[in-house]
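One structure is given here, and the rest of the page talks about it.
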Ligand SMILES: Nc1nc2c(ncn2[C@@H]2O[C@H](COP(=O)(O)OP(=O)(O)OP(=O)(O)O)[C@@H](O)[C@H]2O)c(=O)[nH]1
Ligand SMILES: [Mg+2]
């Protein structure tokens, strides 16, 4: 990944003129995609209850799978930045862990990371699930928004509109707008795409004028080894039941890009108990084998190269209380702030 703050062209892309924006590479139809007017760049935080569809939306906006998605709550554990372009705007979407009432240390670190994402954003998008409406969790988030967000505009995104009848949407939008003065309300389906183009165009106009933070072809700002570990955690979460997905973590231990064009990745799955190790391995190692091949397929697509993935499962009873594990995830051990 390319370091942050590296600009797409030279030192002063402040008002990136079209002829310096990569058009000179050749293709005539590239002219159509040239940024119009001064460049813009800013951070858009996606917040909401667990499972609201934040990561699904980030991936749609970026156009690639950057953040993992499962049908279970509390999938995302840290802030994940995905970069999207719209006209002359570079929009840095910040996916955050869901906001919920934390119980354990890991929960506290996750919720702190989510709020840090919101505090640092130019625009905040609050996702509310259309079919669930104003839950207790949504109420709490609205209250917290009132208390801590004063400057940044907050847009309301009613997500999963494919799951409800249109009449219900208007009532929900009205009720939420009575509760808070949102900068805009969008009805979207992050999964199916409805409303997402409008949302992206609007956000592109909201982010401040300024140079792009990332090179034109960068889509994520997260170390590759973390993305790789996340892909494996997604597959584990999809296959394991009850509390187990919440009681494990995955770390990339070794990464080797070989001359033959392939990459060798070694990862460790940390679990809290011996019994959990057996479940993660599965009968004759079937579960871990299936997880490995599904994760490898995602990694191949993401890296666009052949991948050899080796997974090891280790019992580490205290992993949730080890600072090192949080550092690896980009979380603050003390739950004060995120990355
Ligand atoms: N029907 C429908 N399902 C959706 C939509 N958007 C997301 N989902 C599903 O909702 C579930 C949760 O999606 P995620 O993107 O992981 O949600 P999240 O807000 O990132 O969840 P956490 O990381 O746990 O906070 C997944 O099963 C998605 O496929 C949508 O527009 N319509
Ligand atoms: Mg998520």
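In case you wondered, yes, glycine gets a Cβ from its N, Cα and C as well.
Feature annotation from TrEMBL assigns GTP binding site to 48-55, 95-99, 159-162. Here TrEMBL flags 1-14, 21-31 as compositional bias 'Acidic residues'. Residues or ranges marked as domain 'Era-type G' in TrEMBL: 40-209. TrEMBL lists 240-317 with the feature domain 'KH type-2'. Residues or ranges marked as region 'Disordered' by TrEMBL: 1-32. Feature annotation from TrEMBL assigns region 'G1' to 48-55. Annotation comment: TrEMBL describes 74-78 as region 'G2'. If you look up TrEMBL, you'll see 95-98 marked as region 'G3'. Annotated region 'G4' per TrEMBL: 159-162, in sequence order.
Where TrEMBL records a feature, it is marked here on the structure.
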residue	record	Cβ contacts under 8 Å, 6 or more apart
48	GTP binding site	54, 98, 99, 126, 127, 128, 129, 141, 159
51	GTP binding site	71, 72, 73, 75, 98, 129
96	GTP binding site	45, 46, 47, 54, 76, 79, 113, 114, 117, 118
161	GTP binding site	130, 169, 187, 188, 189, 194, 195
*Count the other Cβ atoms sitting within 10 Å of the Cβ of residue 54 (GTP binding site), across every protein chain shown.*
32
*Kindly point out which of the binding-site residues 51, 54, 96, 99, 161 have a C-beta less than 6 Å from some atom of ligand 1.*
51, 54
*According to DSSP, does residue 99 (GTP binding site) fall in a helix, a strand, or coil?*
coil
_Helix-strand-coil residue split for the domain 'KH type-2' (240-317), DSSP-based_ = 33 helix, 30 strand, 15 coil
